[in-house]
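J.: Handing you this structure, nothing more for now.
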Amino acid sequence: MSDAADLPKAKEEEEVTQDLQDQSDDSSEDEEAAGTEMDFLRNLFSSALGLGSAEKVLDALTLEGVAQYIKSGKCKNIICMVGAGISTSAGIPDFRSPETGLYANLQKYDLPYPEAIFQIDYFKEHPEPFFALAKELYPGQFKPTICHYFIKMMKDKGLLRRCYTQNIDTLERVAGLEKDDLIEAHGTFYTSHCVSFCCRKEYSLEWMKEKIFSDAIPKCEKCKSLVKPDIVFFGENLPARFFTCMKMDFPRCDLLIVMGTSLQVQPFAGLVGRVSKSCPRLLINMEKAGEADPMLGMLGFGGGMDFDSDKAYRDVAHISTCDDGCLALADLLGWKAELEALVKQEHAQIDSKDKKEQPGEAGGAKDSSASVKPEE
């Protein structure tokens with residue numbers, strides 16, 4: 001008889017969700033805050049008293065060491081945590097880059113401050129800037145990157161437990177990940193809802209797209225209130241599913257791959273500390289991120305990354321673009337040719353679909369700068 005670790009993700013998630021269905025989102029967040037505090041205290045006393053062991057799993061704290069671990073067959077529950085950096089090569093700007101980031105280029109919307117465009121109270125009073133921005137960045141105008149398809153390959157090879165994404169561009173879905181594979185921590189454009197608590201009528205991606213590209217402010221057909229894509233604005237709760245799946249997934253994780261995120265936004269950033277002490281953690285990013293507080297790190301406390309100290313034993317930082325890092329890891333795993341062929345095939349299918357849906361138009365999904373070039 002199989003144990004809980006062998007349950008299918010959807011069934012397992014359904015059981016946990018059933019247990020928690022009577023709890024509100026507020027109570028989930030309260031419980032999460034308490035859980036985070038308890039985890040910290042548990043780690044604190046465990047380290048201070050020398051309790052528990054931290055087994056070294058990787059032969060070397062390098063990308064090669066991670067590849068050898070994956071190839072060993074001991075790694076069967078990989079979790080990916082991804083942010084805006086995995087989509088920049090598709091042409092979607094990140095948020096915080098000084099000159100090219102989204103926040104640095106919002107002057108034209110006459111905002112009181114850049115973050116206001118994603119604040120729920122400001123949106124309800126002034127929805128125009130958000131929908132103008134949404135028209136520029138709308139899902140369906142961009143192709144998934146090499147990084148997105150690398151995650152899909154891990155799923156196809158039975159290695160991916162779940163992908164936790166901060167992104168709202170839906171490119172993980174376009175690349176082939178399904179709802180059960182994804183936790184869209186900051187929401188998604190995939191569905192939209194009326195903002196009225198008395199209504200909450202749901203609308204599809206295509207309905208919202210038609211409104212945005214006709215320069216109309218989306219209004220509910222039932223009650224005439226605003227309709228907002230299901231992305232999490234500042235001032236809103238994260239999806240309840242984020243908290244329920246987090247409790248199932250991270251204790252079982254045997255490799256955490258973090259890509260394209262600065263790990264500055266909580267509670268998402270805190271997930272790196274929820275894996276076991278022995279679980280290796282790989283960061284693929286343009287700079288190191290998620291490192292433990294220096295003072296706590298010296299004492300061995302906290303769940304932050306430790307790449308460089310004498311006590312480092314499981315964290316690997318590969319400094320590169322996300323696409324280059326995924327290609328390098330795929331090469332070490334013997335997957336590179338397969339990955340390049342997958343990207344070429346999928347991008348060709350997207351181009352073909354765009355031509356059929358938009359005859360006579362030059363538009364369609366924008367090319368990713370990381371696209372694999374066709375062979376001559």
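Just so it is clear, glycine is given a Cβ too, placed from its N, Cα and C backbone atoms.
Under the heading NAD(+) binding site, TrEMBL lists 84-88, 94-96, 166-169, 261-262, 285-287, C322. What TrEMBL records for C194, C199, C220, C223 is Zn(2+) binding site. The annotation compositional bias 'Basic and acidic residues' is assigned in TrEMBL to 1-12, 346-359. Per TrEMBL, compositional bias 'Acidic residues' is recorded for 13-34. Summarising the annotation, TrEMBL assigns domain 'Deacetylase sirtuin-type' to 56-336.
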J.: Rounded to the nearest Å, what's the C-alpha distance separating S87 (NAD(+) binding site) and C220 (Zn(2+) binding site)? Just drop the number here, would you?
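T.: S87 (NAD(+) binding site) and C220 (Zn(2+) binding site) have their Cα atoms 31 Å apart.
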J.: Given the binding-site residues C194, C199, C220, C223, find the one whose Cα is closest in space to the Cα of T261 (NAD(+) binding site).
T.: C194
J.: List the residues in the vicinity of the Zn(2+) site, defined as same-chain residues other than C194, C199, C220, C223 with C-beta within 8 angstroms of the site's C-beta centre.
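T.: Counting only non-site residues, the set is V195, S196, C198, R200, K201, E221, K222, K224, S225, V227.
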J.: Between C194 (Zn(2+) binding site) and M286 (NAD(+) binding site), what C-alpha distance do you get in Å?
T.: 38
J.: How far is it from N167 (NAD(+) binding site) to C220 (Zn(2+) binding site), counting Cα to Cα, in Å?
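T.: With distance taken Cα to Cα, C220 (Zn(2+) binding site) is 25 Å from N167 (NAD(+) binding site).
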J.: What residue among the binding-site residues A84, C199 has the most other CB atoms lying within 10 A of its CB?
T.: A84
J.: If I take the alpha carbons of C223 (Zn(2+) binding site) and M286 (NAD(+) binding site), what is the distance between them in whole Å?
T.: 46
J.: Here are the binding-site residues: C194, C220, C223, M286. Which has the lowest count of other Cβ atoms within 10 Å?
T.: C223
